[in-house]
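Residues annotated as transmembrane segment in TrEMBL: A:18-38, A:76-97, A:104-122, A:128-147, A:154-177, A:214-237, A:257-279. Per TrEMBL, the feature domain 'ABC transmembrane type-1' maps to A:72-278.
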Amino acid sequence: MTAAGVMTAGKGAAPSRIFVPVLIFAPCLLVYLVFFVWPQLSLLAVSAFDRGQVSAAHYIRFFSDEYYWELLGRTLFLGVSVTLITLILGVPVAYVIARMRSRYAALLLVLTTFPLLVSAVVRSFGWMVLFFRDGVVSNLLLALGLIDQPMQLMYTLTGVIIALAQVLLPLMVLTLHGVFKSIDPDLEHAAMSLGAPPWLALWLVTLRLAPGGIIAGSLLVFSLAISAFATPALVGGARANVMATTIYEQTIELLDWPFASALSAILLVFVLLISLLYAKALDRRSAGEAAS
Amino acid sequence: MGLDRVSRRQFVSGLAALGSLPLLPTGAAAAQDFAGRSLISSGFGGSTMDIIQKAVFDPFDKATGARSTQVPMQSAAALARLKSEAGNPQIDMYQFSGGQEDVAKKEGLIQPLTAVSQLDDIPVGLRDPDGSWVAWAVIAEGILYRKDKIKEPPRSYRDFLKPEYKGHIAFPAITNGYGVDFLVMLARAFGGGEDNIEPGFEAMKKIKGETIFKAASDLPSLFGQGDIWIIPYDSGNAFKLQTSGLPVGFATPEEGSPAVNITAVVAKGAKNADVANAAIDYMLRPEAQIEIARQMRWTASNPKTKLPADLAAEVPDVSQLAKLNRALINEQRAQWIERWNREIAR
Amino acid sequence: MEIELRNLAKAYGAVQVVNDLSFSLDKGEMIALLGPSGCGKTTTLRMVAGFIKPPAGEILLRGRDVTGLPPHKRDTGLVFQNYALFPHMTVAENIAFGLVRRGVPRDEQKVRIAAMIDKLKLTGLEGRYPKQLSGGQQQRVAVARALVINPAILLLDEPFSNLDAKLRESTGIELRRIQRELGLTSIFVTHDQSEAMAIADKIAVMNGGIIEQLGSATEIYEAPATRFVAEFIGKANFLNGFVAERSASGVAIDLESDGRLVLPAAKVRPELRDVEVMIRPENVALSASPTENAVAGVVEVVSYQGATAHVIMRLPGGQSLIAECRGRDAGALKPGERVHATLDPQFVAVFGR
Ligand SMILES: Nc1ncnc2c1ncn2[C@@H]1O[C@H](COP(=O)(O)OP(=O)(O)O)[C@@H](O)[C@H]1O
Ligand SMILES: [Mg+2]
């Protein structure tokens, strides 16, 4: 492909306009095809065979078993919860940093990304200290009188959701920050002078203008959350099984590659499906400005 | 130097030492001169590898003049390496902890241990009937408990159902090897076994609400937090926890200790097969095995090893090991995991 | 009094951006805050709108102290420099925004929006999005959006600066018409003096965070209170001199460039000694022979502009003086020619040096 591009581009006096972009994209595309598309396709192929014959057996096994539905449901629930939490926490943080006129804003933004610099394993050990029945979180809530018995977050889905939300929050903040930064603050000022309290101005104007960023941030967080392995495995333990940990189990422990492939394929399809629906829904809400 | 110290201690430890003394010459007889020769073995990496180097390979080198080196690699990776170098092995000797020796033997990658004089002393389950491999040490599983919370050491896997421990139990998930063994031992404790796992599941269901963890790395947190008192694991990890200052004890259950074999094999066509044989023979020596027991609390595979009383209390004897039918377990493992995920982890 | 600003101040770090600023407006009055970029006009406007909390001073709107009130409770209508139209809303939705926030019933909304659309000549554009409008149309939508809520005060921040020159003038006049019609009290920020003079009732000339002069267009033009005002508004000549004599009849000022001016005593504050004398070019009369209150010099450049011509003279001290004469008289003047320039004492302002 690259060679063809070079030849045509070199021969013609006026090389077709399309070749320059092709030339620029070729290396990336090649890497993408060889290291991503091809393995994915072969993975899909593996899942469609059973004892040497084309078969839907692995998919039937999945969809006819309520356990796997539950697994899928739990995984999607994890993804949705983490996305919502990071969105709810991320919007104010990103917004405040984007609107700060201080030179510390950049520093603050860098600080928020710190969790990304720590390996998932190390971070998970940190969560252990917080999450065990006798851990910081439990003791704090006890001291505050919010709970009357020690609470165990370690080895629970709730723990995984909290831990993942913390890890992925920076990605949400970074994405949203860029978008908020590009929205003229005078739009909010205009809304406020017309009678909208600040929060309403944020809601009616800024957030309506940020669906692109919200979609991008949410999809990023969602897909990373449902494919995360280390955190669910370490913080969730045995009880917070999700698709990723099950795929690992099927691949490494049980050596059932075809079924693991089927699980991966199903996860992929659901991610794509949810992404599409979400993007559509958000897009429709802000259909107006796309009109021009 | 290490050897001297060990010998003295062994001597002082009394009667037990007398029994092993006559053997010393046998081992010593094998102490050929390997001056200028080298031996390369796979190792387990980390502190385990260092301890094994100091406790076994260094004294062996000192006694024979050989130069032994361990190359760190996980057992599965070690097997892969052995396979890839079949016919022209760069590594003479391999150590496994995950049963890889069976595959290695089946695939003809290893050669019989021809010059290991103590091989016959090792109990049948801990060596290959054809002499292809030998377990030079055993990691015994058992019950870890907080000595400050549980005064009377637990005796049986049945103790996990004791009401007074409710809410203070943790056990490994079935994807952890010890998790499977725990299930099997529970089954055995309640009248079942490898061929009848039902009682195991029945018993485990009663404690399914307890803490379930996946990796040994969680142990310090679990015990350190104070609300977990009892966990089925192994004597090696119990010792590590003790060393870190936690009041953790190890109890050998009356049903026996399931065990992980630490095996040694010689690669087929190894250039230094003679050195490897001698080294393995050295590893089986009581004084080497005592040192391993002392530093890692691994069980000695040679029944002639007589541990000093203080150690003996903490390390199960080879006679206390439960012999699990690994083949039968492996056959059913996938099925058990599926069931476990549904009935226990849910 | 519709609005009163009392001793407002605002600093960013060590920089005093607005300092001890006060003025008041009666109903229907329009004031222009005029000054160079960075002098604190926008900051003042934003304090009135409530986006910036003044650390000192008070703002009274219809007698009520609103200094501490957030923007949405102030009842101000704002027109931004870049209009700040909501890009995701149509023209009608933009205009409706403030009405909806105020809970105006739907029927009334429709009537008021229609009236605004009509008044600002936006008919037919109701369903368009801001991006689909021209600059002038956007500007009118911004005004409509601010006016439709009948604000207590209308605030405009450089509302015409993004329009081309021609449109700027007509839009300004149109805005003034509507403002008069509705009797809207307004504050209008601009750095363009002609815009300010054409539109506002009062002009506050600002510099470095303070008001240098507050007055009608004529006052600030003809009787600038400070050198800054004189220089900023219109064209001005400055000649150095010193007070030579004070008597009951007047004050004599000797100019460095030769010549003596005798001015009414009221024009020269008693404490002044070294002074600068300001005179606008149109108040300089050229003649061939010397007169009273005149300086002599050599014609350097004659720049003909049709109705008028500017004559740049070089004075003996090296300073230059610009005189404005009728265009048809300019032909008589040749560079190098010696002329006498009479400074009309009535239009001279004197500042300290
Ligand atoms: N948020 C701020 N932080 C620091 N300095 C500011 C801020 N806003 C305005 N300034 C400074 O205050 C001065 C006045 O600004 P502004 O009121 O916008 O001037 P104008 O509108 O008259 O051009 C300028 O020098 C500007 O740089
Ligand atoms: Mg400004």
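A Cβ is built for glycine as well, from the same backbone N, Cα and C atoms used for every other residue.
Within the same chain, the transmembrane segment (A:76-97) stays apart from the transmembrane segment (A:128-147): fewer than three Cβ pairs sit under 8 Å, each pair at least 6 residues apart. In terms of C-beta pairs under 8 Å, the stretch of A:104-122, A:154-177, A:257-279 lying closest in packing to the transmembrane segment (A:128-147) is A:154-177. Among the listed stretches A:18-38, A:104-122, A:214-237, the one sharing the most Cβ pairs under 8 Å with the transmembrane segment (A:257-279) is A:214-237. Below 8 angstroms of C-beta separation, residues 75-76, 78-80, 82-83, 86-87, 90, 120-121, 123-125, 127-128, 131, 154-157, 159-160, 163-164, 167-168, 171-172, 175-176, 179, 207, 243-245, 248, 267, 271, 274-275, 278-279, 282-283 of the same chain, each at least six residues beyond the ends of the transmembrane segment (A:214-237), sit close to that stretch.
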